[in-house]
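Have a look at this one before I ask anything.
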Amino acid sequence: MSIALISFGLGILRYDIKDFHEEVTPVSSGVVITEPEQKENTTRFVMLADNGEKVLISTDLYSKVSYGDKVKIEGKFSKPGIIEDFDYAAYLSKDNIYFVMNFAEVEIISASASWRNGNVAKRNLLSLKQSIVNKMRSIFAEPESSLLAGLILAGKSALPKDVLEEFRRAGIIHIVVLSGYNITIIADFLKKIFGNAGSIVGILLFVLMTGGEATVVRAAIMVLVVIMAKSFHRPYSAPRALLSAGFLMVFHNPKILVFDASFQLSFLATCGLIYVVPKVAKHLEWITERFKAREIIATTIGTQITVLPFLIYLTREISIVSLPANILVLFFIPYVMFAGFFATLIAYISPILALPLTYLAHLILSWILFVGYFLGSLPFATTSF
């Protein structure tokens, strides 16, 4: 009991330290510290002002700004508020962002090539990421190229709004959230080629390249624990790995426990995988194991049971077609990631040599998009509460 009370008190103290912020109006110049993200009709990025304040900037869709650029902005600073019952200010505060500027005019003072601007390793990794995404778009048509980029590197930000809406209604939006499933596929691939040490380095670089979102970090920590446990011939405990990942992330930033829905959903879904899915699988022994049918169905049902109450609380709706949609697409995800990634790499040498893998990936991507469109467009695909 004493340990629990001390831990609780230290947790409150850590949150208060993180929450403390002495308000200072940002100055109009600074460095771009996030990868600019194109959303609908704007480009968004976070600027670290010269006086230390972070500002979320929205500017022209076709802005040429990049990570690490030294910029000067013109516009009106404002504080984020509440948007349709969503406390946007609290959400941004978890990243120490207390000001926004919409419709900003952005002038690039010096490009990211300067060694002084931003993290050099991250800047180079983001350049590599953008090069890979651009190559994908050169050999695949839309929206297949955006889906492939979302599966491997860019997450759901790569997909058009209409495709995201169809995937959300169909209950397969999680495949483009760069969750534990995607990270595990990537980790297995890296381990087979580079061994344990290479896979650890590769995962750390991947986290940095993708922006370090909560779902990616949580999955990466768990995968790293598995790899290190096997390297040192130690037993691996999934619950302890999840607890370790959660502890490290919450200790670093206590606000994600309250204001980061992606972290909350990711943690709940992983709890479902560890505790609920094995129990569900025991009742599905009558289902064939061919094409991983039993595993996919058990995983979908188990995770849905775990996250459903929280999802309803967040979105006030539920996907009715989630189970058939996941059965129809999950089996193909590792294959399309493999075919699409290697087709992209080979295309750097010769797009013609990449054609067999490009065609295979195209077929699978088209199938996933068809399932999302068909099931997501059904009038009874979702029900609201």
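Every residue, even glycine, has its Cβ placed from backbone N, Cα and C.
Quick paste of what TrEMBL says about this protein:
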- 28-108: domain 'DUF4131' (DOMAIN)
- 151-383: domain 'ComEC/Rec2-related protein' (DOMAIN)
- 171-190: transmembrane segment (TRANSMEM)
- 202-229: transmembrane segment (TRANSMEM)
- 256-276: transmembrane segment (TRANSMEM)
- 296-315: transmembrane segment (TRANSMEM)
- 327-350: transmembrane segment (TRANSMEM)
- 357-376: transmembrane segment (TRANSMEM)
Is it true that the transmembrane segment (327-350) and the transmembrane segment (171-190) have 3 or more CB pairs under 8 Å, sequence gap of 6 or more?
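Counting Cβ pairs under 8 Å, at least 3, so yes.
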Going along the chain, which residues at least six beyond the ends of the transmembrane segment (256-276) come within the CB cut-off of under 8 Å?
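Sequence-remote neighbours of the transmembrane segment (256-276) are 87, 90-91, 93-94, 174, 177, 179-180, 213-215, 218-219, 222, 238-239, 242, 246, 249-250, 299, 302-307, 310-311, 314.
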Using DSSP, what's the helix, strand and coil tally for the domain 'DUF4131' (28-108)?
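Counts, helix then strand then coil: 6 helix, 41 strand, 34 coil.
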Is the transmembrane segment (296-315) packed against any residues at least 6 beyond its ends, judged by a Cβ distance under 8 Å, and which are they?
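Counting only partners 6 or more residues beyond its ends, the transmembrane segment (296-315) has Cβ contacts under 8 Å with 261, 264-265, 268-269, 271-273, 276-281, 284, 287, 322-323, 326-327, 330-331, 385.
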When you scan the chain for residues with a C-beta under 8 Å from the transmembrane segment (357-376), skipping those not six or more beyond its ends, what do you find?
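Non-local partners: 139-140, 143-144, 147-148, 163, 165-170, 172, 175, 321, 324-325, 328-329, 332, 335-336, 339-340, 342-343, 346-347, 351.
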Return the average pLDDT for the domain 'ComEC/Rec2-related protein' (151-383) as a whole number.
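A mean pLDDT of 85 is what the model gives the domain 'ComEC/Rec2-related protein' (151-383).
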